[in-house]
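Here the structure is laid out as structure tokens; the discussion comes afterwards.
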Amino acid sequence: VVGGDECNINEHPFLVALYTSTSSTIHCGGALINREWVLTAAHCDRRNIRIKLGMHSKNIRNEDEQIRVPRGKYFCLNTKFPNGLDKDIMLIRLRRPVTYSTHIAPVSLPSRSRGVGSRCRIMGWGKISTTEDTYPDVPHCTNIFIVKHKWCEPLYPWVPADSRTLCAGILKGGRDTCHGDSGGPLICNGQIQGIVAGGSEPCGQHLKPAVYTKVFDYNNWIQNIIAGNRTVTCPP
């Protein structure tokens, strides 16, 4: 996250870090939505993925941190683009449910969608500098706004006007998600409204907001997958 500050240690109990068994680098974020399921972006998938919950600082452990491996990973079966970026959403079922604790708790799925002008919060362990490869020891947070979708369409050819995405940022620039924040949540009014999908390079440029998968449109898919209906397709 560029243009942010260290998150409050108690404001992100649902935020998870994704890395692999072969690398301790956090390549993506994600969000815990119940004791057994994590929501993230499809492009965050890796072999040998690991999920760390209850983490704040990479160096100073929270006493209630937990690590999990996937029992299953679920994607949209009906993507239009071969890379699946038009439906950039993935559900990870944890091999063992987590125990909720001080720093581990779920975030609610959206009860309604949020419109242009809504103020939302972004968070993650991604890059904090637009010019250098600086990654923080702690997650950074900041507030951005949902903006008109037309700002994103020319920037990201895989997000047509009818795509189930949100365009969000600060039009004058300066505050944005960045490398390593992918898959993390866009939180509006205490609910997860978006998943970090893609952005411009470098991050936080003037008139270049980022694109987020619109979670509200996938509520039905998410609930079906969790309920055990594996044949459900994502909205077109």
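Including glycine, each Cβ sits where the backbone N, Cα and C put it.
Given the structure is predicted, the values throughout are model-derived calculations rather than measurements.
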Inquiry  = Which one, CYS76, CYS167, CYS178, CYS188, is listed by Swiss-Prot as the other cysteine in the disulfide with CYS120?
reply    = CYS188
Ask   = CYS152 has a disulfide partner in Swiss-Prot; which of CYS167, CYS178 is it?
value = CYS167
Ask   = Which cysteine out of CYS28, CYS76 is the one Swiss-Prot pairs with CYS44 in a disulfide?
value = CYS28
Message = I'd like to confirm something. Which of the recorded positions, ASP88, CYS167, CYS203, has a Cα closest to the Cα of CYS120 (disulfide bond)?
response = CYS167
Note = CYS152 (disulfide bond) and CYS178 (disulfide bond), compared by Cα position, are separated in whole Å by 16
Ask   = By the DSSP assignment reduced to helix, strand and coil, which category contains HIS43 (active site, charge relay system)?
value = helix
